[in-house]
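Inspection log for the structure reproduced underneath, given as structure tokens.
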Amino acid sequence: MWHEARKHERKLRGMMVDYKKRAERRREYYEKIKKDPAQFLQVHGRACKVHLDSAVALAAESPVNMMPWQGDTNNMIDRFDVRAHLDHIPDYTPPLLTTISPEQESDERKCNYERYRGLVQNDFAGISEEQCLYQIYIDELYGGLQRPSEDEKKKLAEKKASIGYTYEDSTVAEVEKVAEKPEEEESPAEEESNSDEDEVIPDIDVEVDVDELNQEQVADLNKQATTYGMADGDFVRMLRKDKEEAEAIKHAKALEEEKAMYSGRRSRRQRREFREKRLRGRKISPPSYARRDSPTYDPYKRSPSESSSESRSRSRSPSPGREEKITFITSFGGSDEEAAAAAAAAAASGAAPGKPPAPPQTGGPAPGRNASTRRRSSSSSASRTSSSRSSSRSSSRSRRGYYRSGRHARSRSRSWSRSRSRSRRYSRSRSRGRRHSDGGSRDGHRYSRSPARRGGYVPRRRSRSRSRSGDRYKRGARGPRHHSSSHSRSSWSLSPSRSRSVTRSGSRSQSRSRSRSQSHSQSQSHSPSPPREKLTRPAASPAVGEKLKKTEPAAGKETGAAKPKLTPQERLKLRMQKALNRQFKADKKAAQEKMIQQEHERQEREDELRAMARKIRMKERERREKEREEWERQYSRQSRSPSPRYSREYSSSRRRSRSRSRSPHYRH
């Protein structure tokens, strides 16, 4: 079967090759015989017999039927021909009053150019009418001379150069008739064409190359053309136009051949290179569907300060106009420079730092945002209170500033707290706060105070809280833990509240803690304490500043930069990769299950074969036992004491049966 397929394939391949070669030969043949369509029209006149029968021809050509036309005996005509009555043809005299329009005149000049172009060239080259007719006769008789193409000429020239010998018979001497001309009217193009020809008579269809003519030859050509109804300068101008048209046709033909050469599925790269080469010099304008920036406008009428502070772009990259200024901690210890920097940051954000907040409405958002604290941390909390007990969940994301080293950390904390409040209200507040720390250090404890505001008036109360942040990977570079007590005011209350916290922190900047607190006057809460929390107000003691400077780089080494946000293309790529992994795992699992199933089926078939072989052996053994019992009963009936010969036969048959039963073929 395979050999037949190979034979059929070889046959098809041979047919394809034959068709391709035949198409190439056909194309070459048509390329050889292809000519200019203007040269297809030919008028032939020759003597021929009208009547094939000789008797009828003689009768038709007898003087009875033939008569001279216009008295010329050399020109005989049939007397039944209608042209016999045209004995007088008057000369045509155009009317003097009829004027020809410029369009008609130009058309007539073009027609004269097409009619008498060959005659003008012959007059310019000094070729007589007999020579021209003889050349036409030679062309019709022998089918024209195939002039070698330019590629063949180049190949022949390369061969001549490689051999180092000039063939004298490759060119023919110039025509004697041209050499005997009294005036040097022959153009260089005509000389080259004459030298290339193998015949004595040059090719009549070769046109004059206009670019190689000098001014005298151009004037002579135009003068020769005026006798044939053309205006002065028409002939050379139309010759140049014809040459440009021929060049354009040649260029278009070359393009078509190049396109045909690049046809097919495997030539996409060549077609692309050809298209790029053609469009290389052009300037391409951007398409109409290119992306344009959307217009930005304010849909509502707002005050300028409110619209500028609250309208934000949705783009993730910050615009250069609203880029916030980054302030760095340069010193610790309550210097005037820090206060000036804080004041400048507050002024740049566009809000007064000491502006009192407006009283909140019940169940509405709390207005008034401190813009100077907005850059440090943002927290949103929603609290619901029913019958003096409220459960609130707040999720806060605090983004700390940059240190000098360029490292930053993001700390996310979620805290669930239950608080007990004296007043029943339902409030939802969003706050952005800024922590300021001051105070001294007392045997490892750090005290910090931060002014804060809350969405409603809450009586001053003292709370103690302990927070722990666990570190999964503890490093012993700075000691495993340190205790700090801090007195802080909650960031959104009008009346300050103090909280003392003992924090245990490691070297991890992102910590999550869950806390539940139930307090009337005291509350215990677990709150996240990031190790690299930046405090903008300077501490009272420089020892705390030194300790911060030492602990901050150690924490920054472990955290590293925040994870960049993925673009939609990267997310789609990641999703596709996950889907491919899942599909690969599923395919692998299916293949393993299929292999296990095949192994199980093979094991079952082997078990069935073993069971069948065991049954066959048991049946064979039972049959042999029955035969032996029958033989024993039969011989015991014949004689109780068997003869020695029988005993030998019996013992030998018994041995044979035992050897068969113990043969390895039946052993299991």
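Positions of Cβ are set from backbone N, Cα and C atoms, glycine also.
Feature annotation from Swiss-Prot assigns phosphoserine to SER101 (among others). Look at SER101 (phosphoserine): DSSP puts it in coil. Its own atom aside, the Cβ of SER101 (phosphoserine) has 8 Cβ atoms within 10 angstroms in the protein chains shown.
Swiss-Prot lists 173-232 (among others) with the feature region 'Disordered'.
According to Swiss-Prot, the feature compositional bias 'Acidic residues' maps to 182-214.
The region 'Disordered' feature in Swiss-Prot is assigned to 252-668 (among others).
The feature compositional bias 'Basic residues' is assigned by Swiss-Prot to 265-283 (among others). Away from its own ends, the compositional bias 'Basic residues' (265-283) comes close to residues 258-259 of its chain (Cβ-Cβ under 8 Å, at least six residues beyond either end).
Sequence annotations record features per position, and here Swiss-Prot assigns phosphoserine to SER285 (among others) based on a large-scale study or a structure entry. SER285 (phosphoserine) carries neither a helix nor a strand DSSP state and counts as coil. All protein chains considered, the CB of SER285 (phosphoserine) has 7 other CB atoms within 10 Å.
Annotation comment: Swiss-Prot describes 290-313 (among others) as compositional bias 'Basic and acidic residues'.
According to Swiss-Prot, the phosphoserine annotation covers SER294 (among others), on the basis of similarity to another entry.
Marked as phosphothreonine by Swiss-Prot: THR327 (among others).
Feature annotation from Swiss-Prot assigns phosphoserine to SER331 (among others).
Taken from Swiss-Prot, the feature phosphoserine covers SER335 (among others).
Residues annotated as compositional bias 'Low complexity' in Swiss-Prot: 340-353 (among others).
If you look up Swiss-Prot, you'll see 378-395 (among others) marked as compositional bias 'Low complexity'.
The compositional bias 'Basic residues' annotation in Swiss-Prot covers 396-435 (among others).
The compositional bias 'Basic and acidic residues' annotation in Swiss-Prot covers 436-446 (among others).
Feature annotation from Swiss-Prot assigns compositional bias 'Basic residues' to 475-486 (among others).
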**Q.** Cβ contacts of THR567 (phosphothreonine) (under 8 Å, same chain, 6 or more positions away)
**A.** none
**Q.** Surrounding CB atoms that lie within 10 Å of the CB of THR327 (phosphothreonine), all protein chains
**A.** 18
